[in-house]
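As given in Swiss-Prot:
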DOMAIN    4-241  domain 'ABC transporter 1'
BINDING   GLY37, LYS38, SER39, GLY40, SER41, GLY42, LYS43, SER44  ATP 1 binding site
DOMAIN    255-470  domain 'ABC transporter 2'
BINDING   GLY286, ASP287, ASN288, GLY289, SER290, GLY291, LYS292, SER293  ATP 2 binding site
Amino acid sequence: MNFLEIKGLRVFYPESSYSLNVDSLEVKEGETILIAGKSGSGKSTLLNSINGVIPHEIEVEEEGEVKVFGINVRNSTIQQIARFVGTLLQDPDSQIFNYYVIEELAFGAENLNIPREEILYRINKVSQIVGISHLLNKETFRLSGGEKQRVVLGSILIMNPKALILDEPTSSIDLKGTKEILTTLRGLKEKMSMIIAEHKINKVLEFVDRIIILDKGKIIYDIKRDHVKEVDFEDLGLEPLRPSPLPKKRRDGEVILEAKVKVTDGNRTIVDTEIVLRKGISALIGDNGSGKSTLLKALAGILPINLKFYGSIKVEGKEISKLPVEKRGEIIAYLPQEIDLMFTKKTVKEEVSYPAKVRKKYDERVIKELLKRFNLPEDRDPFLLSVGQKRRVAISSLLATGVKVFLLDEPTTGQDWYNRKMLGEELRSIDATFLVVTHDPLFVYYYADRVYKMVNGRVIPISPEDVIKDW
């Protein structure tokens, strides 16, 4: 039996010229498929058409036929489809609803009225498969990104699906977490069908059977793994399978920011380090929970109320650590991971323009150039954009202010290689100072002038070339 059969699928979004157009697609039971393509190419739309989110949850115009294990998706409910097909999303926090790991694992199975004894048996079995047996009694909010993804994956597997759909499962987790989740998926290959949408092509190539590449809503390649050398991925705006020789010289700019930062919660020290930022791009890498985001918030002056800052922050020799947040914001711009919290306007152009208008730095030409450079639809609602597009809106809104020091927390999350390159080129062209927190070794290798690694709350300088060794 085929896991998936698609015939004449057309998906049209209201108020958008974008569409998905798949004439025919079959996936055999037991196959593992990689779906690749630039942001906006139709990957998520295709996955949502398979798991029933389209047409049952997202309002679109659609036609054609989608069957999973012989069941017509349009004529079934999402709950019926979920018994056969489990879905793992980019952001694990969006799929976690319970306080303890064991409660989270049991949650879906309980909703299916599975007997308690059977649920406990499945929890024991699945927790070993995904490597979370030691986490069963841990609070979910204390987990790392990789641990959260494995917990969500475990909660899906407990419901015994016949297939998995994974929408960029490694995009929001660190390098350690990425290795953990990919190792788990590799072990599941022989047990079920899988469709994986992923930008990190070289990381999943070794265990997929086929590669399907989308462009502008259409399938342009459907090849077996053995024929992967026939495709120039970078020419398609996708990650290359191997990094090319470094194209640009690393710069050694003047010192702009000098800081001594100590952050505590009253019981333990979270960050205790010194850092010097020179003009140009400095990258900050490190495992989830090492203190990277806390350091950025300390520099920006927006630590949570339960955390205490000690130290000094000097920009161009002037102490700013005592300045109120609004004054410090005229010197340092901060991009959080939770970018939805930044949005207040109804259109992309209004959102990009707003911070510049508040600071009386508005320039129509600058706004138009940013919208063009970052390929942003100026009249769209920013809340309805993809994860990658939302980040480009938020970054553009900061760049429009003319601030000279930028703290960017995970700006490449959810972005394809084309847009990550565009971001890197844009940052390099600006006469400013950037500290970029990222789990993206390719971006660091190509665009960072300096690299720091956060280890247990301390910043350690490392070589950009070291970042790419295990890529």
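Cβ atoms here come from the backbone N, Cα and C positions, even for glycine.
Here nothing among the binding-site residues ASP287, ASN288, GLY289, SER290, LYS292, SER293 falls inside 10 Å of the CA of GLY37 (ATP 1 binding site).
Note: the ATP 1 site is recorded as GLY37, LYS38, SER39, GLY40, SER41, GLY42, LYS43, SER44; in the same chain, THR45, LEU214, SER386, ASP416 also have Cβ atoms within 8 Å of that site's Cβ centroid. Other Cβ atoms within 10 Å of the Cβ of LYS43 (ATP 1 binding site), summed over all protein chains shown, number 25.
Across the binding-site residues listed here (LYS38, LYS292), the residue whose Cβ sits among the most other Cβ atoms within 10 Å is LYS292. Of the listed binding-site residues, namely GLY37, GLY40, GLY286, GLY289, the sparsest Cβ surroundings within 10 Å are found at GLY289. Note on SER39 (ATP 1 binding site): other Cβ atoms within 10 Å of its Cβ, all shown chains, come to 22. Of the chain residues outside the ATP 2 site list GLY286, ASP287, ASN288, GLY289, SER290, GLY291, LYS292, SER293, ASP174, MET454 have their Cβ within 8 Å of the site's Cβ mean position.
Confidence for the domain 'ABC transporter 2' (255-470), expressed as mean pLDDT, is 92. Each residue contributes its Cα atom, and for GLY291 (ATP 2 binding site) and SER39 (ATP 1 binding site) those atoms are 30 Å apart. Cβ neighbours of SER44 (ATP 1 binding site) (same chain, under 8 Å, six or more residues apart in sequence): ASP167, ALA197, SER386. Under 8 Å, Cβ to Cβ, and six or more positions away along its own chain, SER293 (ATP 2 binding site) finds GLN337, ASP409, VAL437. Classification of ASN288 (ATP 2 binding site) by DSSP places it in coil, neither helical nor stranded. Local packing around the Cβ, expressed as the count of other Cβ atoms within 10 angstroms, is greatest for SER41 among the binding-site residues SER41, ASN288, SER290. The CA atom of GLY289 (ATP 2 binding site) is located 33 Å away from the CA atom of SER41 (ATP 1 binding site).
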